[in-house]
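What follows is a single structure, written as structure tokens, with notes after it.
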Amino acid sequence: MKLRGLYAITDSQLLAGKFLSYVEAALEGGVTLLQYRDKSSDEARRLREAEALRNLCDRYKTQLIINDDAELAARLNVGVHLGQTDGPLSPTRALLGRQAIIGSTCHAQLELAEQAAKEGASYVAFGRFFNSNTKPGAPTCSLELLDQARSKLHLPICAIGGITLDNAAPLVAHGVDLLAVVHGLFGAESTAEVTRRARAFNELLKI
Ligand SMILES: Cc1ncc(COP(=O)(O)OP(=O)(O)O)c(N)n1
Ligand SMILES: Cc1nc(C(=O)O)sc1CCOP(=O)(O)O
Ligand SMILES: [Mg+2]
């Protein structure tokens, strides 16, 4: 399966009271990967929400990715996204199997991406590219790094951090396959607007 398109990421605060309706609205517009990102330690709620997302994703034939938590991903038989301090990639690949989607945060460092590729990552993520409401302190990344990554790597490239419909086109022009978005998608005023934005992000990625 080719990993290219919108990568929607949930935010528990932003989506409070409208979690499933906004996620379904995004899926309606087309989502290649959906990441469940919840930084709390409420294990019961996390399991419940992740299961609900897996059911939704099954209906829309979208791949679910769990942020940070390989054990939860294994329990639900879905993918995982690992940052640099979220645990090693190779044992996670062994845990989840060959088919699982495993993503790796590489910030603005090509060497991290090359290492992740060697250890079996399915995609590499660079960021942040713009000011981010969700993670304002994340290190920044340039379009030039994307050019280098595109010429050296044979994996799908994901961009993250402050991406909106107004600033995403240059990322695509510099070789990005996956646009990972929280606020620029789920910060919308209505479910109809979430669906419209999802469709528009996918249009940007059509070659
Ligand atoms: C697609 C994608 N890219 C990067 C990240 C950030 O991961 P990480 O550095 O582990 O930070 P947290 O998201 O865990 O705060 C991501 N989640 N998804
Ligand atoms: C979770 C995350 N990681 C980042 C990184 O650069 O690694 S930026 C980010 C937040 C993405 O949310 P928004 O689309 O609202 O900026
Ligand atoms: Mg993490």
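Heads up, the Cβ atoms here are built off N, Cα and C, so glycines get one too.
Source: prediction; values computed, not measured.
Just one of N67, N77 is listed by TrEMBL for the same 4-amino-2-methyl-5-(diphosphooxymethyl)pyrimidine site as Q35, Y36, R37, D38, K39, T105, K135, and that one is N67. In the three-state DSSP scheme, K39 (4-amino-2-methyl-5-(diphosphooxymethyl)pyrimidine binding site) is classed as coil. Counting other Cβ atoms within 10 Å of each Cβ, the lowest count among the binding-site residues D38, D68, D86 belongs to D86. Residue density at N67 (4-amino-2-methyl-5-(diphosphooxymethyl)pyrimidine binding site): 20 other Cβ atoms are found within 10 A of its Cβ, drawing on all protein chains shown.
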